[in-house]
Amino acid sequence: MLISSLGQGLLWAPLAIGVFITFRILDIPDLTTEGSFPFGAAIAVSLMLKGQSAITAAVVGFLAGCLAGLVTGILDTKFRIPSLLAGILTMTGLYSINMHIMGKSNVPLLDQKVLTEYLPAGWNLEIQTIILGLIVTVIVVTLLYLMFKTRLGLSLMATGNNKEMSSANGINTDGMIIFGYMISNGFIALSGALIAQSNGYADIGMGIGTIVIGLASVLVGEIFLRGHNILTRLIAMVVGAIVYRLLLTVAMGLGFPPDDLKILSAIILVIVICVPIIQNRIRTKRQLKKYLAQMEEQDDESITSEASTKGLLSRD
């Protein structure tokens, strides 16, 4: 159970990282996720069926996701369409595009060589999946970490923190937002390409609920691993994706049918959102009680000192 969750979590990690970029770095709710994820899967499977290698298919899937993010970014920044609506428009358009790419709602891989088959044949499938996921995750996290250390990455983070101040300091904020959309959806589509190869098929409905999966992974990761360092935050996304898949695996092991995975995802997201809120309320109440107790002690001390002062004056 743990080994399978680890492998699947690592394949879903690029999705969590992609959602993290828009949701946390840019502070933008982007629903393009539900279209770009199956877009990457459709591109990858279609290319592999036409004889392209699994590596080429995954890379092109990433680039296709970047293109989807570019469209959403232009709608958001140049046409001033609200980010939520821009994502919905792109997601809706991608549904038809994915259908045209695949030709039907479900396209299976036949005897095409997937990425795990490039690894030693003596390893079982679960170990191959873990190694593949580790390789991809390390590459993604390393590239992003190095990028966020450059002027480009710092400008991207500054735009997310304070768009007006960044613009006043000469940063092309519209360009940064578009770039953020692009790399976010690129990694989401890459995750879709990896999952399609792992499952052995691409399905038109495989993007449904991916935004919930991504957000849950982000929030779970932030609960387990806190920090302001960008490397720590990126690793937290990977941890969140793994823990989230483990929670789903445990739920299925307890007898939940696969059809209930979407509602389980929603429940997990509600829980991880509510837990910090409840913790903050409890912490605030404790601090308030402590403050009131200190105030009462100070009042008692002042009353005692006043009484002693009056006693001394009456003796005189």
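Just so it is clear, glycine is given a Cβ too, placed from its N, Cα and C backbone atoms.
Which of 82-101, 102-121 counts as transmembrane segment depends on TrEMBL, and there it is 82-101. The stretches the transmembrane segment (82-101) and the transmembrane segment (127-148) are not in mutual contact, being linked by fewer than three Cβ pairs under 8 Å (pairs 6 or more apart in sequence). With pairs at least 6 apart in sequence, the transmembrane segment (263-282) and the transmembrane segment (127-148) have fewer than 3 Cβ pairs within the 8 Å limit; the two do not touch.
It is 54-75 that, among the stretches 54-75, 204-225, 234-257, 263-282, forms the most Cβ pairs under 8 Å with the transmembrane segment (175-198). Taking every recorded stretch in 54-75, 204-225, 263-282 and counting its Cβ pairs under 8 Å to the transmembrane segment (234-257), the highest total belongs to 204-225.
Between the transmembrane segment (204-225) and the transmembrane segment (263-282) there are at least 3 Cβ pairs closer than 8 Å, counting only pairs 6 or more residues apart in sequence, which means the two stretches are in contact.
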